[in-house]
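Chemist: First the structure, then my questions, so here it is.
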Amino acid sequence: MLVTAVGLTWTLARGDSSDAVAEAPPAAPLGTANEEAVEGGLAQYDLNGDGVVYQSGMHPYIVQDEPGTCPVCGMDLEPVPVSGAPAGTVEIDPVTLQNIGVRTAVVQERQLERTLRTTGTFEAQDAARETVTLRVGGFVERLYVDTEGQRIRQGQPLLEIYSPELVSTQQELLLAVRNRQLLGGGDGADRLVEAARTRLRLFGLGPQQIARVEQSGTIQERITLFAPASGTVQNKRIVEGMQATPGMPLMDIVDFGALYLQVDVPERDLGWVSRGTRGVVTLAALPGEELRGRVDYVYDTLDPATRTGTARITVPNAGGRLRPGMFATATLYGDLSAVGPVVPAEAVVRDGDGAAVILALGEGRFRPQPVTLGEESDGLVRVLSGLSAGERVVTSAQFLIDSEARLAASLGAMTGGMGTADTDDFPTE
């Protein structure tokens, strides 16, 4: 007799003269898992009492008490002991289980910390860079700093220049000072002196340099330019004897006390990586050491080719051992998730429509279970629905390979058409 989930009665025909109609057990709707239909077990379908029923592997809602073929797919029905597991469950004999080495893991109830392992390169901080320029044209007569990478202190001499414009402005200052002395002071004389001083300040001379000109009464043909900040010389663009124009960049002075590490962030992680996210940085150049830093900026743009964004981590550079361009690995740590079921990532069977795990029910019985997944971290996946703590799931890929053919129908039925894993996705050796 054939019992399906599409009718409420079944008909038994014997010969030409007698028909019998009996009410079938409750059945699940077509295309759904048969567990609900066999709440009382498969025994309710064993009408001839031999302890065995026959079930479609591809369509578990097709059950009858004698051999035959599935009216939907035409495949032979498989014998199932009525004492066995509900439909949708696969039984594997002990010898096969031992040969394929099934591994399982217990579903744990715990928090999951979001982590991201990524890579990037170091760059100098923009705010830590001073570009040395001239405010007046002239000729570089002497260079005190002639090597890139040289460390200098704020106020240290960088170069001497000869500037005809500076010479003429110094002459104006000395002339204004002498006129004031001859006239015995006065508002007009004071204004001329102050105007000459202001021009020299605008050209970049400091108060001490201007005072030295006034006190000595002589013109300084060479004017010394001093370092505006401490740091390392980068991008030196001048040599002795070269003519420099106003605003021309001469060199950069970069403070490497802290560097930026620019790291890639996959699109799926951009929602939780933010300003203040902790980072632990390691470098091949510093084996065994871990450097600490925090994300201080997440860029708004996304690379359309790699589907990644960029985050910037500020890393202190104690001892100056870090250099721009160095490659580094960074692990970012986000907030803890809510407490919930967690399984190893290798226990999850995925396809384009969803995900499932294989429950280990004991005594060689296994059943696919659709699940809704949350965040993933360090090889663990949070399960939002479908599992409870204490259940046991299969984690060995070899088991999934060997049993995939038998699990395919159950996966399709249990997930309501979610689809099954393609064996091409799990290549055998």
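Glycine residues also receive a Cβ, built from the backbone N, Cα and C atoms like all the rest.
The domain 'Heavy metal binding' feature in TrEMBL is assigned to 53-80. Per TrEMBL, domain 'CusB-like barrel-sandwich hybrid' is recorded for 130-253. Residues or ranges marked as domain 'CusB-like three alpha-helical bundle' by TrEMBL: 165-220. The domain 'CusB-like beta-barrel' annotation in TrEMBL covers 261-332. Annotation comment: TrEMBL describes 343-401 as domain 'CzcB-like C-terminal circularly permuted SH3-like'.
How buried are these features, and what lies next to them?
Modeler: Applying DSSP to the domain 'Heavy metal binding' (53-80) sorts its residues as follows: 0 helix, 10 strand, 18 coil.
The average per-residue pLDDT of the prediction over the domain 'CusB-like barrel-sandwich hybrid' (130-253) is 90, rounded to a whole number.
Across the range of the domain 'CusB-like three alpha-helical bundle' (165-220), the DSSP-based residue counts are 45 helix, 0 strand, 11 coil.
According to DSSP, the domain 'CzcB-like C-terminal circularly permuted SH3-like' (343-401) comprises 8 helix, 37 strand, 14 coil.
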Chemist: Looking only at the domain 'CusB-like beta-barrel' (261-332), what are its DSSP counts of helix, strand and coil residues?
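Modeler: In the domain 'CusB-like beta-barrel' (261-332), the DSSP-based counts are 6 helix, 35 strand, 31 coil.
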